[in-house]
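> Take a look at the following structure, please.
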Amino acid sequence: MSKNSSSTMGDGESVQYAGKATVLAIGKAFPSQLIPQECLVEGYFRDTECQDPAIKEKLERLCKNTTVKTRYTVMCKEILDKYPELAKEGVSTIKQRLEIANEAVLEMAVEASLDCIKDWGRSVRDISHIVYVSSSEIRLPGGDLYLATKLGLRNDVGRVMLYFLGCYGGVTGLRVAKDIAENNPGSRVLLATSETTILGYRPPNMDRPYDLVGAALFGDGAAAVIIGTDPLPDSIEKPFMELNVAVQQFLPGTHNIIDGRLTEEGINFKLGRDLPQKIEDNIEEFCKMLMEKADLKEFNDLFWAVHPGGPAILNRLESNLKLTEEKLTCSRRALMDYGNVSSNTIFYVMDYMREEFKMKLQQGSSGGGGGGGEEWGLVLAFGPGITFEGILVRNLIR
């Protein structure tokens, strides 16, 4: 139904249907340690006391190929001084890792949420629901309760905790927040994501090649957005993106391509070499399915907010869909500035995209033209399953 349409229940009561969910604000936060990519290898090998030149050469090559320039990390000298066993091979350290991670991800989630609430401009008491996403903590009660308490949210806030979804978790969170907002008129949903690589930190080993990929590619951080329908007028709320249609899909028979297992030594990942190819083989059909909802035909008529899992995935998507070079600029910029920060990264892409919308609107206005860029776009992420998450979105800064 349309935004303002209504329906009559069997008892004669008239029910007003909410409009489409919109992104009303965005925030982000990072740990204090910033690592330039060119400094990573020396520091990592010093901290883990690794002397293998072949491994070092491979990691240096991987670091150059990722296109990452800087990353933030929770891991630092103070943590390694307190927990030296984290840099040792074959030591049971899951208890220590969770002690660090549970505190670190909560602190970052609080900072990102406060940054988002400041951007939103309304009171924390107006938040009716919270969706919290993390693949970096495990505890009962979950991080959603700790976050709600730290922020001073009402004790009747509706809470959803999404654990261990990996890189597509941010877009899953958007889909869940969209459903909550659209089915609870007047609600305002805080969606927060927070991740750290502490659970997977360990000495380099040729028998675990994915550890080297992780060391070269992944970073830490948090993000938050406020989702709601029917934004308040007169610039009280400033929506910049409408969440039009959301779809999740898994590829049958691919559940072993991204494999993560929690062990006594932390989390161990195995990543199939055919991951980029699997995504390339299926992404066009998935995108067309979403585009059909708005009768869209041309890929280059859209803007693209794609989770930058790595340069190979972005390159193959760009090539397969014949996208012009600038279409993935925001995704490549997020990867360069922050690395792959799992569920958070899509929000760093969206933040850059909001900047781009505003810049295009300003350029259009000053040049006598109109518009803040393309009207329609896709938000995409991929992760374990192999799972595709996609949202057809609309640019509201026009």
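Cβ coordinates are placed from backbone N, Cα and C, and glycine is handled just like the others.
The active site, acyl-thioester intermediate annotation in TrEMBL covers Cys167. If you look up TrEMBL, you'll see 15-231 marked as domain 'Chalcone/stilbene synthase N-terminal'. Among the features that TrEMBL reports, domain 'Chalcone/stilbene synthase C-terminal' is placed at 242-396.
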> State the count of C-beta atoms found within 10 angstroms of the C-beta of Cys167 (active site, acyl-thioester intermediate), not counting that atom itself.
28
> Limited to the domain 'Chalcone/stilbene synthase C-terminal' (242-396), I'd like the whole-number average of pLDDT.
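Computed over the domain 'Chalcone/stilbene synthase C-terminal' (242-396), the mean pLDDT is 93 on the 0 to 100 scale.
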